[in-house]
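Annotated in TrEMBL:
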type	residues	note
DOMAIN	35-217	domain 'Cytochrome b561'
TRANSMEM	29-51	transmembrane segment
TRANSMEM	71-91	transmembrane segment
TRANSMEM	103-122	transmembrane segment
TRANSMEM	142-161	transmembrane segment
TRANSMEM	173-195	transmembrane segment
Amino acid sequence: YLHKRWSLVHPSKVFQFSRSFFTPILRTLPWYVAGSQVLGVACVVITGVWMGHYRGGYAWDGSAQFNVHPLCMVLGLVFLYGDAVLVYRVFRNETKRSVKILHALLHMMALVISIVGLVAVFDFHSSAKISHMYSLHSWCGMLTFVLFVLQWLLGLGFFLFPWASAQLRSWYLPLHVFFGLLLLAMSVGSCLLGITEKLLFSMLGKIKYNHFCVQYV
């Protein structure tokens, strides 16, 4: 009886099940990745055109300084962050060390670009005598950014420059993956809150939503 029960969970059977289950997913993975890149680039381009063409362009002084903020946050905390999450699936056959470095570099690029975006919006608010941290978008965005920095630093300490034991790393890995995906969702949500807020402040009382203004669409 025990032998029969063991045969049901034998590693070879688990491997066969995993292979049969994941093979179709792996075959279609390139299409999903390509689709994500198209959508990601489209988000960055649309945000860039919106701020650059419809909202007065880009500058580091004056009213156009604010426009740097949405573009940087979408580029950093949505597009590059999303790509950093994908590298472990896209480059699953490469050496783990190389993928770790790429993962960390993409996060670092996202961090630097996001800092530029935050500096731009705080400078703009200071110059225009606008209060800081006054909206739901402000608090959600700042919470997301702080947690993103903490997640990146913990990832460096646990995995890229590992000071922790193998047992501790294996314990933290599921948490790192979970909070990485959660923070990506929070980044997208914060960006959507910010875009909605900017539209309402810019267009409310000027153009009705049901007129299908290009910026609303």
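Note: Cβ is positioned from N, Cα and C throughout, glycine not excepted.
Model confidence over the domain 'Cytochrome b561' (35-217) is summarised by a mean pLDDT of 90.
Sequence-remote contacts of a segment are chain residues at least 6 beyond its ends whose Cβ falls under 8 Å from one of its Cβ atoms, and for the transmembrane segment (173-195) they are 47, 70, 73-74, 77-78, 81-82, 85, 136-137, 140-141, 143-144, 147-148, 151, 154-155, 158-159.
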